[in-house]
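Q: To start, I am sharing the structure in question, which I have written as structure tokens.
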Amino acid sequence: MDYKLQMGVESHLEMGSLDHSSMDDLDDECLYNPEMDAQKAHSTDTIEQISLSSSLPVGGRKMIRNGVYKSIKTVVFSNKLNLLMPFGPLAILVHKTTAHNGWVFFLSLLGITPLAERLGYATEQLAFFTGPTVGGLLNATFGNATELIISIYALKSGMKRVVQLSLLGSILSNMLLVLGCAFFCGGLVFHRKEQVFNKATAVVNSGLLLMAVMGLLFPAVLYYTHTERHVGKSELALSRFSSCIMLLAYAAYLVFQLKSQKDLYIPIDEEGSQNEEQSDDDDEAPEISKWESIIWLAIMTAWISILSDYLVDTIQGASEAWDVPIAFISVILLPIIGNAAEHASAIMFAMKDKLDISLAVAIGSSTQISMFGIPFCVVIGWMMGREMDLNFQLFETATLFITVIVVAFFLQEGTSNYFKGLMLILCYLIVAASFFVHEDPSSTGESKQPKT
């Protein structure tokens, strides 16, 4: 009887259902110690905490591993153009084992092509988290990052003419080739109507491009008319002063675009309705997270910087091996590779009848290169002790001036069709042929200067 009573009391104690009166009655009959129950409860909690702490890191590591795998699969293996990525390491291997500069240059170009496109992709993903206005600026900035990186490496090597010609070629390819292909492909898809875009954006960008032409024209005219007050110094001083003014104007343009006139840059169709386009945009969602986008931007920028160094080092050897002028390589080949992201996105948006975005990509990129990229390189050269100026020579300056005038005429109506696109593409072919037969004597001497 005492045994059964003791067992019942112990079972009640384990379930925690024993009241205080029964505890007092049975203190003498059972040898129960309250500290034992507390110790058991504490040990149970400790075991649970240990099991939880041991399981969380495993699950966390698995989650991180799955996230990394998914991010790599999305960014690296989702685009067929990324099949060209192995050409980047191959270019470095060929450079280390052989002296074929032509092959190193060609492989570096192929390796940079998918990197430039993926740089634009990561920027677009980051734009989902920053809003449309800041996202547009990010697209323009990192869309031109390839050209700016190549220019800085060339400037460091003392190749001033390569910097000037590659930036000039970026402007020409965006205004003629990229915009022309966007107009042409969009016009073919919507051949039964004329596509429309916001004329206010086109007018502002055309004005900035004409201001850039003015900044490039006066140093060249000053040099070729031999009217410098201080020979060899006035042209450089004017270039640096004009560059600071152009950077100030571009900063004011950013304030104008972001703060004062936001409504001017909202795409509006002829009927003034935006609901359908906004509903289409709402369906789109980011494929990678914000921090993944930032990490991929850093990786792509670093890899492009490495390949740009090899690209600049072998440009002279490629010119001699292929018997192609450096001017043609700098103005035509380099910008086509660097503008791969803008080229693809501008055509894609035009075929979706979102011509305002195509215009912002093509003309906006040209505006940023002319009003920010070129003056920025002049200031960077000033800091490096390099005499980088705005004298792009008469042939190049005249080409840019005529291009800006032609594009401004095509944009003044606020409409586009496939014929306008075809005209712009044919104009670019004329420009390309002109630089193929143009020999720039100053680029040959500068390209042979050793790096410091």
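Placed from the backbone N, Cα and C atoms, the Cβ positions cover glycine too.
Residues or ranges marked as domain 'Sodium/calcium exchanger membrane region' in TrEMBL: 103-258, 293-435. Residues annotated as transmembrane segment in TrEMBL: 165-190, 202-225, 237-256, 294-312, 324-351, 357-382, 394-412, 418-438.
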Q: Would the transmembrane segment (324-351) count as touching the transmembrane segment (237-256), i.e. at least 3 C-beta pairs under 8 angstroms with sequence separation of 6+?
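A: With fewer than 3 qualifying Cβ pairs, these stretches do not touch.
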Q: Apart from its near flanks, which chain residues at least 6 from the ends of the transmembrane segment (202-225) lie with a Cβ under 8 angstroms of it?
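A: Same-chain contacts beyond the ends: 175, 234-235, 238-239, 242-243, 245-246, 249-250, 253, 256, 264, 359, 363-364, 366-367, 370-371, 374-375, 389-394, 397, 400-401, 404, 407-408, 411-412, 414.
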Q: By DSSP, what is the split of the domain 'Sodium/calcium exchanger membrane region' (293-435) into helix, strand and coil residues?
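A: Tallying H, G and I as helix, E and B as strand, the rest coil: 120 helix, 2 strand, 21 coil.
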